[in-house]
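**Student:** Summarising the annotation, TrEMBL assigns domain 'Amidase' to A:22-467. Among the features that TrEMBL reports, active site, charge relay system is placed at A:LYS76, A:SER155. Here TrEMBL flags A:SER179 as active site, acyl-ester intermediate.
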Amino acid sequence: MHNKSVAELSRELESGKISSVELIRDYLGRLKTEDEQLNSFITITEEQALADAHAADEQRAAGKATPWTGVPFAHKDIFCTNGVATTCGSKMLANFVPPYDATVTANFRKAGAVCLGKTNMDEFAMGSSTESSYFGATTNPWGLSRGEKRVPGGSSGGSAAAVAARLVPAATATDTGGSIRQPAALCGVTGLKPTYGRVSRYGMVAFASSLDQGGTMARTAEDNALMLNVMAGFDPKDSTSIDREVPDYTATLDEPLKGLRIGLPKEYFTGSLSAAMEEQVRSAIREYEKLGATVKEVSLPHANLAIAAYYVIAPAEASANLSRFDGARYGYRCEDPKDLLDMYTRTRAEGFGDEVKRRILVGTYALSAGYFDAYYLKAQKVRRLIQQDFINAFKEVDVLMSPTTPSPAFVQGEKTSDPVTMYLEDVFTIAINLAGIPAMSVPAGFVDGLPVGLQIIGDYFSEARLLNAAHQFQQVTDWHQREPQ
Amino acid sequence: MQWDIVIGLEIHVQLATRTKIFSGSSTAYGAEPNTQANAVDLAMPGTLPVPNEQAFRYAVMFGLAVNAEIERRSVFERKNYFYPDLPKGYQTTQLERPIVGPGYVDIDLANGETKRVRIHHAHLEEDAGKSLHEDFHGMTGIDLNRAGTPLIEVVTEPDMNNADEAVACARKLHGIVTSLGICDGDMSQGSMRFDVNISLKPKGSDVLGTRTETKNLNSFRFMEQAIAHEVERQMDILEDGGTIIQETRLYNGDRNESRSMRTKEEANDYRYFPCPDLLPVVIDDAFIDEARNSLPELPDARKARFMEQYGLNDYDASLLASDSKLATFFEAAAERGKDAKLASNWVQGEFSARLNAEEKSVADSPITGAQLGDLVVRIADNTISSAGAKKVFEALWTGENDNVDAIIDAKGLKQVSDTGELEKMVDEVLASMPDQVAQYQQESDPKKQKKMLGGFMGPLMKASKGQGNPKLFNEILVKKLGG
């Protein structure tokens, strides 16, 4: 049962083989025992899930089912859930219960999906290992059987670990610099970061507004398509969401790939990429050639500037976005503040973790008088050059392919003392956010028993093509079906 | 030493939109604290701003009314600072690309001249909430009802050189926004807030002195006083050889004093940057044309019409046209009273004085323009004297009675204009004052003679129980004394 995809569960519910209440009880039972060693959930909403399952069964009986009615899933704890704690992995919001739903949350509710809880994440989505969560680190299910405690990646590490461990068939996630694709790669699941503006950011706690994008995580490309069908669309509550028709992303999954033009950015096959990783990725690309695709090398000349530009722009935006956490209206407030300044300084000193503080400091510095032009404006110029690199590349090819990460999942604690090494985890993913284009990570093999991700990058609003390419690959490979022991 | 005074204004205009600039909450004034603040206004996590189109329409209307260029692609920025009534920890405002570019207004001065004051720009932004320091036992209460109310901040060039010019400019802008209907213009409730930048420089010098900014001017009268106060303060410092500190000062109108709020050194580095939650606002020709077509009559056009239609002089027309409510009141009085000049005198005289004395705006007036028009009719047709008219006005104002003729009857204010009756009274009074009559007749200077006539008026008014027509009394006196 736990190996079934959303599509399969949906069919079983429709056929009447199983009820949603039975299904949800089963998942909840497993979740409560299995998650003890993973810590992939911050909150489990058992009562609400059972009530929703009852409602879903009634809905189905009334003939009003959607593909999601009664199907279990989980939300990254960055999406606001009306009446359910939304912590963003921080002490600052440990007590925060929003009185509203994020648009993404509301959309899943409308579709009848049953949320089992909120998944763990790096604090305020700042991190690549889910170790900076106030609620403790999440452990990658891969490597556990060998007694290794490896990171699931981050920041959406809770969602990735939960999907990999079959605790849920699907989970929402967000991606600001790689936070969907990198954990998907490290946990051996399939994840999609859509085009910026494709999915509403309303009710998604902001890290870096011009880069944040909600997306999908599941084992199969088909399930990612089913998720995106629910999540994508214009939202009048988000001025940066884009008013553009949403296709049925499942409709084009089966299209043949003959003639697909694949570009391999030469800058993404160098540097810290290990030979073993590269071999897995190139072997995946050979599968595409067998499916009729053509492959050529392309160049993204400004690729080496992406990390630097990102670590100016993202912290700058974050420094302002996180100013609202001041102890005045909601969230954490320090004990017995003696005056206003004391309330601000102690609330923020005690409520934020180290990585969040580091980024607020960096961002504040970059925006300060005398530094703004040299950092923020320069970074914005670099951002436009990077965007132009991709636009040029897509004049020659349909999609780009690369490794998602330079190496597989590392051991917990290995990179926590060196932020820059941690930042390099996103070396192949970060430019995609700066350009605002969509990209996926698809399971593409193993190195030393640990999953390897293939990144597929597309032009603006090419999600259907990416999902099609990933789905076709999954018809001829079974990497995405491998289960951690 | 002689000094030149240099004044610039910064004006915050609350736009009269139904809802806030970035959320659907109501902007109505005076509700229970925090009942008009939703999740967006409270800056709850994940909430996002959605621009209110009406605020842009109003800003464009303002821009057109001050002859300004409209920025076709204006950008919102974040101005970062911590304050409890600023929920997001930044104010969403405009800096590099404000919606209204350079423009100007022409102001009429008391000496009949016109002066052009340049507008540097006007930008859209959100208002903050309010911190309430009383009634919370040493703590501070926060009311976010006002947070997110749309404002345009208008910044003038430092083109004014005295308090009269500054007040004239302020009144002009007040007249424009109220005529446009984009702001209710209520200064006491903070719908329109004026900050004054003042500096002094040696007479004729090209180099501007260090300026101060004076805030909290909630009436034109306080504005005038505050400028005088600040000019004097700066002059005292400079003449003692001191230097002016660049600072923001808070004016207390009740005590006519000011204190430093913060100096330049204490000011924040606001770390402005473009707000990534809002796309640049693109304004096209159609939007501007639509705004232009919806412009109502503005003070300058109204002034020209008042001169043409009512035969008012430049000064009277300018004053009455400056405020749309005052203009409407005047027109009602003039139409009903059939004597525009007299109506103008009464609106600017007794009526305005009474409003000022009671710190009321035209909207709060207990009498209508039509009522004042009825009064004008009775003054013009000599039914009542000007002294009697003041009594009628008083009765209208206090609500004693709302009908002019009924008041005249009830108070017995009707003048005696029967010349026979009046002549009789004059004869009697002159007979009782032979010395004064002789003095008058010996006086050769007509000016002094004219003055001496006043000496007879008192007894005459007494004899007529205040009801004799003074104008007729005067004519009869001159005739009889001179004859």
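Here the Cβ of each residue, glycine as well, is placed from N, Cα and C on the backbone.
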**Student:** Validating a neighbour-count step here. Other CB atoms within 10 A of the CB of A:LYS76 (active site, charge relay system): how many?
**Tutor:** 33
**Student:** State the Cα to Cα distance, in Å, between A:SER179 (active site, acyl-ester intermediate) and A:SER155 (active site, charge relay system), rounded to an integer.
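**Tutor:** Cα-Cα distance, A:SER179 (active site, acyl-ester intermediate) to A:SER155 (active site, charge relay system): 5 Å.
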**Student:** Cα of A:LYS76 (active site, charge relay system) to Cα of A:SER155 (active site, charge relay system): how many Å, rounded?
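**Tutor:** It is 10 Å, counting Cα to Cα.
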**Student:** Which residues, sitting 6 or more apart from A:SER155 (active site, charge relay system) on the same chain, put a CB under 8 Å from its CB?
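**Tutor:** Counting only residues 6 or more apart in sequence, the Cβ neighbours of A:SER155 (active site, charge relay system) under 8 Å are A:GLY89, A:MET121, A:ASP122, A:ALA125, A:MET126, A:GLY127, A:SER128, A:THR130, A:THR174, A:THR176, A:SER179, A:PRO183.
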